Amino acid sequence: MENSERAEEMQENYQRNGTAEEQPKLRKEAVGSIEIFRFADGLDITLMILGILASLVNGACLPLMPLVLGEMSDNLISGCLVQTNTTNYQNCTQSQEKLNEDMTLLTLYYVGIGVAALIFGYIQISLWIITAARQTKRIRKQFFHSVLAQDIGWFDSCDIGELNTRMTDDIDKISDGIGDKIALLFQNMSTFSIGLAVGLVKGWKLTLVTLSTSPLIMASAAACSRMVISLTSKELSAYSKAGAVAEEVLSSIRTVIAFRAQEKELQRYTQNLKDAKDFGIKRTIASKVSLGAVYFFMNGTYGLAFWYGTSLILNGEPGYTIGTVLAVFFSVIHSSYCIGAAVPHFETFAIARGAAFHIFQVIDKKPSIDNFSTAGYKPESIEGTVEFKNVSFNYPSRPSIKILKGLNLRIKSGETVALVGLNGSGKSTVVQLLQRLYDPDDGFIMVDENDIRALNVRHYRDHIGVVSQEPVLFGTTISNNIKYGRDDVTDEEMERAAREANAYDFIMEFPNKFNTLVGEKGAQMSGGQKQRIAIARALVRNPKILILDEATSALDSESKSAVQAALEKASKGRTTIVVAHRLSTIRSADLIVTLKDGMLAEKGAHAELMAKRGLYYSLVMSQDIKKADEQMESMTYSTERKTNSLPLHSVKSIKSDFIDKAEESTQSKEISLPEVSLLKILKLNKPEWPFVVLGTLASVLNGTVHPVFSIIFAKIITMFGNNDKTTLKHDAEIYSMIFVILGVICFVSYFMQGLFYGRAGEILTMRLRHLAFKAMLYQDIAWFDEKENSTGGLTTILAIDIAQIQGATGSRIGVLTQNATNMGLSVIISFIYGWEMTFLILSIAPVLAVTGMIETAAMTGFANKDKQELKHAGKIATEALENIRTIVSLTREKAFEQMYEEMLQTQHRNTSKKAQIIGSCYAFSHAFIYFAYAAGFRFGAYLIQAGRMTPEGMFIVFTAIAYGAMAIGETLVLAPEYSKAKSGAAHLFALLEKKPNIDSRSQEGKKPDTCEGNLEFREVSFFYPCRPDVFILRGLSLSIERGKTVAFVGSSGCGKSTSVQLLQRLYDPVQGQVLFDGVDAKELNVQWLRSQIAIVPQEPVLFNCSIAENIAYGDNSRVVPLDEIKEAANAANIHSFIEGLPEKYNTQVGLKGAQLSGGQKQRLAIARALLQKPKILLLDEATSALDNDSEKVVQHALDKARTGRTCLVVTHRLSAIQNADLIVVLHNGKIKEQGTHQELLRNRDIYFKLVNAQSVQ
């Protein structure tokens, strides 16, 4: 009944969580335009103001051109065409001297405008890049700080993978949106405003008529922009979910590989990518439709302006000449063009605001327990008296399930108190409340008569040392891991703590001693070694309150007895709280507290509670512990009598070959990234060639618009050489209609670009993410052991590198094609109408090209550096968030924050140089056009005077080349994105071309019809590829007959778990063979081999899905029926628990199984293994996390499961393996003795002493 009540409460909670998650979607999901700059300091505000002013001045340069152009047109047309109405320009009434004077003045105007554009263009871009980098750095820092400051309850209900994606992808989008794009936005606004003012002053009637279409342009841009923001938010959300899956899978890769679940996880990842792809396609279409609508209305405006302008001239309106019409027209054109040019920048800014919404939400979240708080009382010393007063508690993520129900408990200073009870009774909850990871719902927790909520949280936690059941080590050296215990730990203190934790000896055996890297999550250390390093870390804190949560569970008997003694010694003078299933370790405790269903069932010393014959008595009896006689107890195994490891020369021949190879591969890996050309990147889009072709055709069509425009424009100017009003009116109507047609072409071609390139680009992004993730999943484990392939680094590649490849594909190719068509046609038309002038202008073009090349080269370098530093920063962030409980317990938040900041600082140092280069290149390419105009008009005037060119030809050449130059400028703006794309593609190709040594995808190798289960290790030597100087196995030889149960025992680091990994073929031996039924494992098909093996690991990994899906994970080759799932659950003694949950087998287990206790997770892992019905069963400490009742039942289930199977058991608990067919004692990677339990006891050697050390008969 109680189970079903709990179940109903859990169901309500899941429903509540689901609703809560959907709530924000109803609100606006973008921050305000000013709010996005909230992290700007005084200097940033100054830089932004100066940047804005420079943008406004730079923006004013363009509208000044029409004034000069109008003046010149009037001179040319009225002087040459209207008065003489002849094509013999030698006979112009206007004197050559006057024309020379005008052209010289015109040239000086253009040079002046060009100088202003050069100076202010440089200032605006460089200042905005600098301030954006400064603010982005602050946002990254503040976001990470805010996440670390959150209480643990918040982490229970949020997705770590999603947080990592936000930290990389979303903040990158903010950086893009608040940088140089803002400068360009203000420049366009300035051009628009001043252009408008010029137009109104020169001819207000024509300006107002021209402006009548502006509301339509703005309305269409605004509507599309709103749509883009909404779709971007949805797209980012889908990518965040995909990122969460990737993070979960990559951090649990050993489990994924063991159960051959690569394809299943790939599908789960790809499903989220499909959602993102669909939103991405819609976003691209909306963006291009917006652009198409703007250009449609603009061209319509041109037609209207010329038609109405011609009418005003023909009707004799005062002040209106062709020069006036041109000045007004170009002023409005530039204003309108700036609206179009501003749309992409506004869109980038809108995307940044959308991304900032989620980032700022986390930054503004006020935690209920602030890990960085300076408030609260800081007593000079803490005695360690602890009292729980009527404490009730439920986890915030499960508010309806009461874990503690009015707990009252007093612990005196210096006492050792043991908490015992079944799984789920509240033992670990008590420990977490004492650390103030959570606050109780009711009641008080007092330390030295102070409510712990009144104490400063950091100061208080500094007095607590914790050693947990699943110790967390960080991906750095042993030395750093121990020194994380507290600030300013000396080497002497570190070594003393290592000795006390019985870790010193094995550490000194490593070549690098305390500087040995432990690997990601301590992967290079055995369970026992990790546990002892964690104990050393706790002891170095010198805590007043010591919490031991199954602190010796991962240790072998020899280490356990030594560490137990060290812990007992460490407990002296400290308040010690012990959570243990092994009741033999707590008999000497001052007080034993038995918990049941969140309440205190009984308490007292061991003898008292045994006399009561209550719950504690029944727990002790179920463990069947009997005191060995005193003679046996005195025979402890001396660590000094350890057999020395093999002499070095016996393994020299192996080392010399393999270490060299390992070092060579490491060196080559550091330097080799494949060369990536544009063609190689484009080939990635090959399957979408129909979309690319159609998109390209649309781009070519769009590229023809401006060259055609230049011809029509020149025709309109020169048609005033004809005095026939009827002809003029007819021509004006025809040319105006052509402008409208050009507008329709623009709209259709932009829509087609969005439709086809959007699809091609998003499908490519999805495919590349899919391929990259697939390539990662099928690498061998040795690759994941490498430092640079941490989970954080790999998720950064998936999030950032691949998104950047779009900078050289999809719609970017559309822009390049459009610009290439524009430039090509412009040059051809220019040559036809005035080849001399065209030559002059084109001779200047290479300068622009060189500028672009410099910018591209510089940007590629900066992109690579930035990527590398952000990858390192991402690794630190991922590690911190995944192990947040440990970091909070150790109060190491500031240390991780500092490391993260150091990585950001390194990346930030590139910014100033980057700003100078990009600013200079932009300013030069932007201002160069004015200088080209100056030279061109001066030369054009000379050609007209010499009779080698007509004014019409000059206008066509100028307009065509101007649009061609704008196309070059637009292309140069894309250079940085192309650089990033090349850099991202290089990393992607390096990943895709990496061939694993053990290829799980390979179809090669034998697939025997049956697997008997005979195993053999034949002269196996092995070292981990990332530690080639430390041999783990040294010539191991052992035969295991089918159906037999063989147990591996020995001290931590002796090679037990390594043997298990070699059987799974996660690694290959360095020398020797691992044989299955007499066949070398290397000759067998990898997937077939792993399908014959199931493993129950020491630290079970569950996935963020339902219980049924987690059990079905045992066999990923088919859809497993529910009956089979229930059968496996029944065998693992967890079926009745699951049935009591509201959603039964559909209950979600949470991230890393967070909604379940350790024992429940372990039993699910056992069910998962049993479902596979394997021929070979590997049990690596399979019952370590279970309480006594569960252990008995599960042990019985495992004994039953072993029948007819070959079973390899790795354990420290010798009571569990007494019935094994063969017990193998490993020491320093070699077999020291083997036999049955009775035979080894008679030998009275290592095993005999291990048994006695455990005091188990």
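Cβ from N, Cα, C; glycine included.
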What Swiss-Prot calls N-linked glycosylation site, among ASN85, ASN702, is ASN85
Select, from ASN188, ASN371, the one residue given the annotation N-linked glycosylation site by Swiss-Prot.
-> ASN371
Counting Cβ pairs under 8 Å that are 6 or more apart in sequence, does the total for the transmembrane segment (110-130) and the transmembrane segment (693-713) reach three or more?
-> no
Close approaches to the transmembrane segment (181-201) from elsewhere in its chain (Cβ under 8 angstroms; 6 or more beyond its ends) = 48, 51-52, 54-60, 62-64, 66-67, 124-125, 127-128, 132, 207-208, 210-211, 327-328, 331-332, 334-336, 338-339, 341-342, 345-346, 348-349
Could you name the stretch, out of 49-69, 203-223, 294-314, with the greatest number of CB pairs under 8 A to the transmembrane segment (322-342)?
-> 294-314
Sort out the residues at least 6 away from either end of the transmembrane segment (203-223), same chain, that have Cβ-Cβ distances under 8 Å to it, and list them.
-> 196, 290, 293-294, 297-298, 300-301, 304-305, 308-309, 312, 317, 319-320, 324-325, 327-329, 331-332, 336, 339, 343, 346
Take the transmembrane segment (49-69) and find every residue of the same chain, 6 or more past its ends, with a Cβ under 8 Å from one of its Cβ atoms.
-> 106, 109-110, 113, 116-117, 120-121, 123-124, 127-128, 131, 182-195, 197-198, 202, 326-331, 334-335, 338, 926, 930, 933
